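Everything below concerns the one structure shown next.
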Amino acid sequence: MNLSQILKRLLRPWLIRDMVLPFPQVIEVWKNKKHSLQKTVKIQQGQPPAIQNQGDQPPVFCATTIQPIVRIQQAVHSISGEPRVEHNVFLKTNVLLIEMLVEKMIVREHSLMRCVLRVSATFGLSLGTLKNQKCHQPVTSMFICSNCDSQFPKWAGRCTECAKWGTLTEEQGGTSKKRSSSSTPVKTTASQPLKDVAKQNEHERLPTGDPEINRVLGGGIVKGSLVLISGEPGIGKSTIVAAIAGSIRDTVLYISGEESPGQLAARFHRIEKPTDHVRILDPLPVELLAQTIEKEKPALVIIDSVQTLTSDELDSTTGSPALVRYATALLLETAKRTGVSILLVGQVTKDGSIAGPKTLEHLVDVVIEIEGDPVHAYRMLRANKNRFGATDEIGVFEMTEKGLIAVENPSARFLEERANTPGSVIAATIEGSRVFLVEVQALVENSFYGTPVRRASGFDQNRLQMLVAILSKRAGLKLGDKDVYVNVIGGMKLKEPAVDLAICAAIKSAFTNQANTTPTVYIGEVGLGGEVRSAPLTQKRLTEASRLGIECAAIPTKADIKTEKIEVKRVSNIKEL
């Protein structure tokens with residue numbers, strides 16, 4: 001059995017398509033293993049008739065049979081007994097055949113490129129190995145998880161890698177004409193001592209003009225860094241970046257994809273910030289934007305927002321995970337190479353996480369989140385990631401008609417309207433290097449539903465359910481048929497376990513309908529057995545409470561304190577509240 005007979009037998013199941021190539025010429029190209037097509041190829045238009053055994057009528061070969069070439073080559077060597085050819089010969093043969101089909105435009109573009117993709121996936125080939133392509137790659141779809149960046153060929157409600165629901169987003173295309181820029185700094189040919197680099201960049205920061213923002217950033221914006229500010233719609237992201245732009249004395253380049261130049265001018269006028277040093281740039285593709293930054297070299301670049309960036313190199317929709325990842329990586333490389341600080345504004349999803357791929361947070365140097373209720377006046381600026389400073393610092397601002405104003409004494413502001421009513425207590429929490437005293441309120445009411453309601457604002461709801469169970473089991477409070485509501489005044493979010501004792505005290509006060517006769521601050525962590533455990537930096541919390549005029553404090557029995565400037569009540573179990 002010769003090669004022609006083998007091919008006729010194997011190709012027969014795939015002899016259907018509307019544009020075909022005479023079979024003998026395929027045999028010639030394949031056997032010679034080189035690009036040689038001497039005759040003009042005659043294309044048969046329209047649907048070909050079914051091929052039957054009719055004498056010398058040659059069978060036809062279509063591009064959709066490129067995928068079975070793998071089987072054909074294997075069958076040739078197994079049936080004919082010829083020695084097996086090395087794998088690279090298979091690759092070369094297929095590449096030559098595909099190139100010939102591309103150049104002669106033998107099939108429609110989408111059919112051809114689908115076959116090319118199949119063969120490329122089979123052999124691990126890159127499309128860059130195909131020369132003189134005269135057709136474009138079809139738009140392919142992948143579904144990418146915005147939480148863990150896992151990729152899936154089909155949509156699903158739940159990501160199988162991170163178990164998150166509703167995080168798969170469709171990504172169209174995503175192929176670049178050029179290789180995507182890496183997020184690593186520009187390579188150098190010579191090494192340099194690390195101690196010299198540390199001394200060189202130790203104090204190279206750009207002050208923002210606001211003490212609270214400088215506190216969160218660790219002293220200012222590090223030159224050549226990429227900072228991401230995120231927050232819910234209407235929380236004040238654009239207002240705070242405009243305040244930063246107006247407070248910096250050097251040149252600032254402002255790119256807004258959400259506001260017109262007139263709206264930006266009105267915002268700067270409202271917050272009473274100078275604009276002589278601020279330059280406005282219309283939205284550009286990220287490649288041109290990087291060139292503009294390298295050419296003008298301003299002190300700071302503000303992009304509002306990163307989800308509105310476009311690209312000339314990446315075939316992807318605006319705001320897609322691939323485009324956001326590519327644009328951020330290119331901007332990071334530009335910032336490291338030029339030493340220009342770049343401030344990105346990021347949108348958030350409905351659950352409060354940053355919109356876009358998870359790698360967005362990994363690429364940037366600093367991630368700042370603006371917390372707070374849009375209907376309240378207070379805003380908290382928190383650094384969730386900071387490569388150049390602490391990540392537990394927090395800045396407190398008040399939203400006014402002139403923008404965000406820093407609050408110098410947040411604890412006094414949080415407690416100034418406190419009323420001594422049942423269910424109201426004072427908690428001491430530490431954020432970064434500062435102590436915040438906040439009012440915690442609780443409400444206990446008879447439940448009118450089969451399952452009691454537990455709701456918390458500014459506190460973890462799962463931990464609230466645990467504390468309610470501890471109070472019911474260890475303190476004897478009958479809360480099984482009660483609705484429990486807990487609220488933290490001022491928009492603060494209490495995350496550390498040291499506020500457990502304050503939450504329990506507020507719930508018990510609301511349950512018994514008895515208020516504290518003396519203002520008392522509660523400090524301590526509550527265990528499942530009802531025991532009250534020590535909290536870190538108890539002395540620092542007591543000092544702040546004494547400064548604000550609080551007369552009494554409830555602390556764990558084993559808490560180590562040096563001085564007692566206020567009356568201290570030691571508690572070993574929640575039964576003693």
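Every residue gets a Cβ built from N, Cα and C, even glycine.
Annotated features, as they stand in TrEMBL:
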- 170-212: region 'Disordered' (REGION)
- 196-207: compositional bias 'Basic and acidic residues' (COMPBIAS)
- 202-348: domain 'RecA family profile 1' (DOMAIN)
- Gly231, Glu232, Pro233, Gly234, Ile235, Gly236, Lys237, Ser238: ATP binding site (BINDING)
- 385-389: motif 'RadA KNRFG motif' (MOTIF)
- 483-577: region 'Lon-protease-like' (REGION)
Coarse DSSP state, helix versus strand versus coil, of Glu232 (ATP binding site):
coil
Counting Cβ neighbours within 10 Å across all chains shown, tell me which of the binding-site residues Gly234, Gly236 comes out on top.
Gly236
Other parts of the chain folded back onto the motif 'RadA KNRFG motif' (385-389), taken as Cβ under 8 Å at six or more residues beyond its ends:
217-219, 222, 225, 361, 364-367
Mind tallying the motif 'RadA KNRFG motif' (385-389) by DSSP state, helix then strand then coil?
0 helix, 2 strand, 3 coil
Identify which of the binding-site residues Gly231, Ile235 has its Cβ surrounded by the largest number of other Cβ atoms within 10 Å, counting every protein chain shown.
Gly231
Over all shown protein chains, what is the count of other CB atoms within 10 A of the CB belonging to Glu232 (ATP binding site)?
18
Proximal but sequence-remote residues of the same chain as Pro233 (ATP binding site) (Cβ under 8 Å, at least 6 apart):
Gln347, Pro374
Including all protein chains shown, what's the count of other C-beta atoms within 10 A of the C-beta of Lys237 (ATP binding site)?
21
Name the secondary structure element type, per DSSP in three states, that contains Ser238 (ATP binding site).
helix
